[in-house]
């Protein structure tokens, strides 16, 4: 299956070449494919905060490359570059508050910086580390796809209907995708009859990005309104909900695209299985439960306006980007380190003690 998956990779949103970070502007998809080139850390931080690049793994990868750009500038400034670089770590860390992968990538880059030896080519070493973060995410995607397919096959081997929410595909990662990686792999195995994609308001990551990715791969896909998810579960024979994650707490609670929680509640009511697919870098053992995860809110214009035109009266707006799905609503968490069924704190701790693959 691995060779099939690698051959099927058709979409990428992150490229590093010619000493610059190149990002596919996800705000414009699918109508326009425009690549933005970032040559300094401020541009990378802005690209993250303004949703040019999104998806927790992709944000972490972009931040790692952003530090390489920052380091190049600081080294050129001369003495005191280590202290100045701390400002760049802070800038990138403040770009988005929720994705655990962002802080994981920054910490990994910091740790590599601290292990430098006299005579090392600092810039070359740190560039190699950022590339390794990118490549390891791609490898993790392939491994998770295989693990996820095994879970689906174990419970039902015939063709079936799946539901996903948000975008956890190639655009959100460094490779094949997390949730969409599993869905793509299941399709290659002849196990998917239909994929239903929630539009995922207000940024429409489902209808704009996920549907575009799956259609490009020839996966049978149908877009539905977010509010139709419960009705679909009742009438369309869906067997699995498969989603990604921005952050997973130590007890298995999952922060993900807003609307994931209510889908999980509906799935539990209808007896459907609920799968979360995310690399181990999305797990933060310093966060005991979902109550400890910082949850991002965004600007009012995302709900008040459509295509720049105000369509709602001037009223109070609350625009959370993510919500928390409690672990007891989740059947399985799939990572590159392994699979956790019916997650809890003990199982998550055991998973994270395994040999580091990512």
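Residue numbers in this text run from 1 along the chain shown.
Quick reminder: no glycine exception, Cβ is built from N, Cα and C everywhere.
As annotated by Swiss-Prot, active site, proton donor applies to 246, with the evidence given as sequence analysis. For 54, 55, 56, 96, 205, 256, 257, the entry in Swiss-Prot reads substrate binding site, with the evidence type sequence analysis.
Locations of recorded Swiss-Prot features on the structure.
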| residue | record | DSSP (3 states) |
| --- | --- | --- |
| 54 | substrate binding site | coil |
| 96 | substrate binding site | coil |
| 205 | substrate binding site | helix |
| 246 | active site, proton donor | coil |
| 256 | substrate binding site | strand |
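Neighbours of residue 96 (substrate binding site), defined as other CB atoms within 10 A of its CB across all chains, total 23. Here the binding-site residues are 56, 256, and the one whose Cβ sees the fewest other Cβ atoms within 10 Å is 256. Across the structure, residue 205 (substrate binding site) and the residue listed as 'active site, proton donor' are spaced 14 Å apart at their Cα atoms. The substrate site in the record is lined by 54, 55, 56, 96, 205, 256, 257, and its two most distant CA atoms lie 17 Å apart. In this structure, the CA atom of residue 56 (substrate binding site) is 5 Å away from the CA atom of residue 246 (active site, proton donor). Each of 59, 99, 166, 167, 168, 172, 244, 246, 321, 322 belongs to the same chain as 54, 55, 56, 96, 205, 256, 257, is absent from that list, and has a C-beta within 8 angstroms of the C-beta centroid marking the substrate site.
Cα of residue 55 (substrate binding site) to Cα of residue 246 (active site, proton donor): a span of 7 Å. Separating the Cα atoms of residue 256 (substrate binding site) and residue 246 (active site, proton donor) is a whole-number distance of 5 Å. The two recorded residues, residue 257 (substrate binding site) and the residue listed as 'active site, proton donor', have Cα atoms 8 Å apart. Counting only same-chain residues six or more apart in sequence, the Cβ atoms lying under 8 angstroms from the Cβ of residue 246 (active site, proton donor) belong to 56, 98, 99, 100, 255, 256, 257, 282, 322.
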